[in-house]
């Protein structure tokens, strides 16, 4: 069953409002309330001087009203006195400039002082509230990676990076080999000679870059794990979560996910729309509903990060404040997004925030209530969801899909370190593939290379640049068919071209050898002949040699007839970067090949399933017919589905 | 009567040229000459070693030729020896980098050393020339704010900012409340903890930003006032001016204006054209005449800053050197701009500069003379103006308009600190409103919230974000009707959302409550129905609740029928950001509502009045008929007005 | 005869591969191999600890296989231990940030430590290999100027700049005069007061900028010369070269060229295509062949730099890694580029690189071999060239052209220091002029102001901003007619406007006086009437006074009928910045005027001659007829020339 919640900041409101707020939350149907994650300076306004009384009180008020508290460790915002005592806490940006106090996330993950201080405040909090009857869950810190805060170019980071490299490579000879320092006389004789990869004359070795990203990712993991361990010690049995940010790939979310009980993420679909992958025309069409696939993509991704358990910690309740343009969601979208989350396996949706705050940075960010405590549009929609929920059968689980999409953080870092073409975006590619499958009405799971492949009939690997041997073996052993995008297997773990050319170890699945790659400018497309149709294909093209069947070819002046899609019974490899109709054709064929049932292109409709519940969402401007069976029972909505509307039925 | 003048730099030319230059100036009809404002290093080439002789001589030569000297304090360009002695004079940019010597304006307004030094040189100069018979006026410094020099992020600025905050808030509790530091644990325990708002991880509190702007503005005021006080002590009876820059809003010009006798400004209409508010098509049409409303806007604005007295200290005489593209003004524009200035209340127009300089930074900046002393085009046009002037009746004063436009610096800073949408520009908005009124042939005054409202029938408030109570009361008490743009009253002085929602105190005038705002991307427009017509309206949209009459509504998918313009007999509030035809409709109706007589849309013609003189200016490519009465007497030009031409008549 | 070569890095490959690699190089028809230029850290891994054995061995293996070795001094990549010992080696960027170790070119040309160290390693290398029988030539350093490395804003550079200024000006009075420091109180009292022209509030004096560029250029010259002197001492009789980068104008290539025996350059035509001067449509058409005139332009330019001797040290063999988009060259382009080089006087073409390297920064850069040592496309084309070469008559020399284009580095720096309009590009202008001549089938030489003018019938001077008196006298004395572009003669050596207005000394050739200049935005064009046709002309327009014949005029609203092209029997001056059809008309007429025979517009074909050999290159998508005489003998190709193909014939 879907539970609802809200983010609340008692420290920002007069004590007089708390009780009424709590009462109204419960009245609205909320079960959870997240608090505390920016409250360090209120808890400990001066070093060692703790003021728990207000937080005791707040938890008590909220708990007694019937709410389950999610308590956040306040480490995303260290207080000024702490910074002044330990200036090494501050992160340093890529230009070498210290990033100052005055907002949030002003800390370097490698600061030894901050590790100690973050543990100290987390322990103090966990000790005090670990067994509090009203505290039902914990959140560590807040939005790791927000505002480009994973990478710090500080002295502390440099020191830690050297230790990490020594650990990884053992000897500088091994580092020199991996980084290829013979290339430009870049040899290191000691790990202490290595510097951080910023402010260079030219690009550093891509292995230098990728290792710095890996190091930075590991720093996040260990920083987070330290807090989780403290919480678990003092608060056994309460789940621990962290609220991730959609599509952030600055660190390995799977690895941080290993250490927590539930992955949660923050759902703000409007902000990213305008910079995203869509055509200008689609940006106009979806202006007030957002990219129809971006939230679903992330629900599915974070379900994988949370190993099945996923929450929404912050759901956009109206316009936000942080994008270049902050258009309002259409009325109805808050409800739609809530049901979408549930459909994709989310068990708790918490809205950000209870009441729009009239001061400080986020004044233009909507809440469920207006600043004067009147209900805003989001409030009304939450009330509707709470009502509708009562009509649904309980206990439905999302279950496992037949199709898996691989998202590999290490591979993302590889294309970041050696992009080779500005038009190529791994993130847009993955979302394109996801969107294409979704428009065909097929449910999807995300996997990493560590994942179990049991039960999947089709694995989609749009950008598996660095394939590890274990994963290749799992693929070989599995029943799944697999479709690889271009660039697959093109780098080793050391960021080298594999011996025997790309796709390296994937050649065990499909006999391909990539002899040339090229990246193409926006204005140019190649032509691909697939079946009897031709399609434009830009961005990236490979020249491959293969003994496999050629399913599609490039046409035109340059290497006419060269393979564009090749494969065998087990695996297919794309030498083109398909989008649009070509991608639809490739994926539709792959679904058929893998015996996965698909629907006709759904257009602006999206269909998904949670257990025996079927969900339809209409992102379009016209009413549409839901593809429900003749005898379907509609719990929410109806067969004819209007714009910005939701239908839920059982067959 | 219009007097003419010129900017001259005797220190840049051989002594042999001075006398002939002076003679030719007088011959041309010039009465004033500005000198000295970049001459510090010539006056005091080494610390304490003064060389007045050349300046004595220059003033003497110019004065004896019959010119009135405006003497500039030379503080816009401190010499190298001074910088080397007091490196703390140098300003620091927003990235934290010291801005070096080698051009001009290389000082931080908060530098204590520089305050002392600027007073020292000003006093030395005022003592020597304060009672000189040829020195008729003074200019302080030069173009405050040029090249982004109001904000310095130096240690000196930080120190002064802390003192300013202590003065403003008294206690850190009060600062914490105003800045909303409870938001992200940003509390301060001491004013000495506060830093300047640059190089942060994320945006600081908007109140932090606005307070830094207010502080910086106050630094300009006190820096300027120190010089004015010195000059007045030594040179009683001579007016003091400062030459402002068009539409600079980095500091409060009204406040600096309080301390001087005459506001002057520097008129360079070509440079800003290409980056301005106009459509690409209009940029093409106006390529060689500039935005027809930008110079008039600023004449009217600086007339308010100078409390009725306004000069042009630097009038563009041909192409300039500093824009991305420096097209030539059409032949005739120097004359047109001169008459435009006079029409808008300017009493003295001084051209920049006498002769194009063949060395250093501004070689491509035209003068009245070519580098070889031949007359350039501007010279010929000035001669024509001097001739035409003789035909005009004397003593006409601009008088007071019936319509006032409010320009509030504090409000500008509010939208800068919290823009919320990249398409919204307060500066373009104000100019759009001004232009719309001007195209209807209606004269306008600018006002601030401090201004007297007597006699105005209509107040236009395109962007009064922070409305103060006293101004609201004046409005209520006045006879004026008032039209508010969106965002009006949306912030308190503390940069908070007003209790009871925006427009806060303005609700006393029009019963509106803004429940939601949204900013829109370039490519999207909403539709507004006003009367029987629909209009596109982009950029910004508000959802308002009101008990007032709804004069226009939004149409379309999103909140169809919601109010777009509401009002009563006293005040109207726009929930849309109108431009183009919608703005024309709104303003035209408001003029009628306020019983202000308007003409039909003048297109490329502009009409204004100074006393009984009527002026017409043709910015178009076709001749046009001037709307003069049948019995009009034309002093300059004729009823049929060619392109780039001027007509002056009395009815 | 054309010799072929390759760039090889024995230090990057296992010893086992060397012998086979050498054997295959010879087999392919290669005669030369360049090695060593990034090998410092392998040669001297720790201070004073030299490991020559591997390099002895490599030279031996290559030499004994029959290859002539070009040995590079390794100073483009100082090792880490050296940087750590002498941190002052590191360059400082324009923002004042130290540029760190980790790639290459991390040195400041003014570092005294580095001057000593670079001499030390060069001497060690020259001593050891100077008389080695297999070492046939030397290269100094590598690609001076790559990644913006000519200008360093370090303390070392500041110190050296002051000395350079003292040398140039003798007294600060003279510097103050030249820089025009009277302008904004910028006077200097001592050379030690002068700072580098970065991080200023506003632009510094243009003379300050240009002097810093001149100084930086001189630093490159003296740095290079020190190495050349060392090499010549130890390795007499072996030619010394440096590999320049196409169209880099950060330093004076002629001056560096004076000190070497052969100029070489690095030919990468694809990378610059997309940012270049071409229309979007042409960028599409030439996507896989590159700008047809850019490589030829540079062959001709570097032939002048090398005083007749020019090599290609690095020829692109396939896609590269460093551009925003790295499309593949069409199959056949490597062959085409090779023949193009030969046709333009190049005597040796060396490909970069032998084998694609699977690690470090340039993994995506093609080689003649794939990483697994299979031949890539380039290899096959080199084999074809080697075969075709055998069919050609030997000993043909390029000879002197009838048309010379002037490229003056000092003038380029003048427009860089005072651009005056963003649409004006001296580099695009020069290439446009070159391209226009080339499309008319006319061969061209490049000249500097130092060059001998004997034998030229037409000198084209698209951007001679600073004309020196000696050159003007040579022009006057020569038989050549001359066509000047706008801006010609517009600055003196001191970066002043000439007395008596531009074109200063050029008025001796054509009686013109420039009274006004203006720069125009992209969207606006003026109209020029030339003959009976009108043409659009944007970017730049001048108003000139002249007693010469007016050959073309401006039409339209602004100064209708003003001269656009004027001239006499000796010289013509353009007051418009012509491109496209207007430029073709101007140049075609100038060729006729100078009695230079031209062909009809060749479209995508290019024709050039080396001795009695005629060459045709087809950059188009259609076959074309080569304009060969009826009795022509085709050595390569045929009269009907397909796309991406080459014909070589004698008449």
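Any Cβ shown, glycine's included, is placed from N, Cα and C.
Feature annotation from TrEMBL assigns domain 'Glycoside hydrolase family 42 N-terminal' to A:7-392.
Within its own chain, residue A:104 (substrate binding site) has A:38, A:76, A:77, A:142, A:146 as residues 6 or more apart in sequence whose C-beta sits under 8 angstroms from its own. According to TrEMBL, the substrate binding site annotation covers A:104, A:142, A:322.
Non-local contacts of residue A:108 (Zn(2+) binding site) by the CB criterion (under 8 A, 6+ apart in sequence, same chain) comprise A:88, A:89, A:90, A:91, A:92, A:114, A:152, A:154, A:156, A:157. Residues or ranges marked as Zn(2+) binding site by TrEMBL: A:108.
The active site, nucleophile annotation in TrEMBL covers A:314. Annotation note: residue A:314 (active site, nucleophile) sits in a strand segment as assigned by DSSP.
Summarising the annotation, TrEMBL assigns domain 'Beta-galactosidase trimerisation' to A:401-596.
Look at TrEMBL and you will find A:605-650 tagged as domain 'Beta-galactosidase C-terminal'.
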What recorded positions from A:104, A:108, A:142, A:314 have a chain B Cβ less than 8 Å from their own Cβ? A:104
Other than its own, how many Cβ atoms are within 10 Å of the Cβ belonging to residue A:314 (active site, nucleophile)? 24
Can you tell me whether DSSP puts residue A:104 (substrate binding site) in helix, strand or coil? coil
Residue pair residue A:314 (active site, nucleophile), residue A:322 (substrate binding site) - Cα distance, angstrom, rounded: 15
Secondary structure split (DSSP) over the domain 'Beta-galactosidase C-terminal' (A:605-650) reads 0 helix, 26 strand, 20 coil
So what pLDDT does the domain 'Glycoside hydrolase family 42 N-terminal' (A:7-392) average out to? 97
Cβ neighbours of residue A:142 (substrate binding site) where a neighbour is any other Cβ within 10 Å: 25
Cβ atoms other than its own within 10 Å of the Cβ of residue A:322 (substrate binding site), all chains, total 16
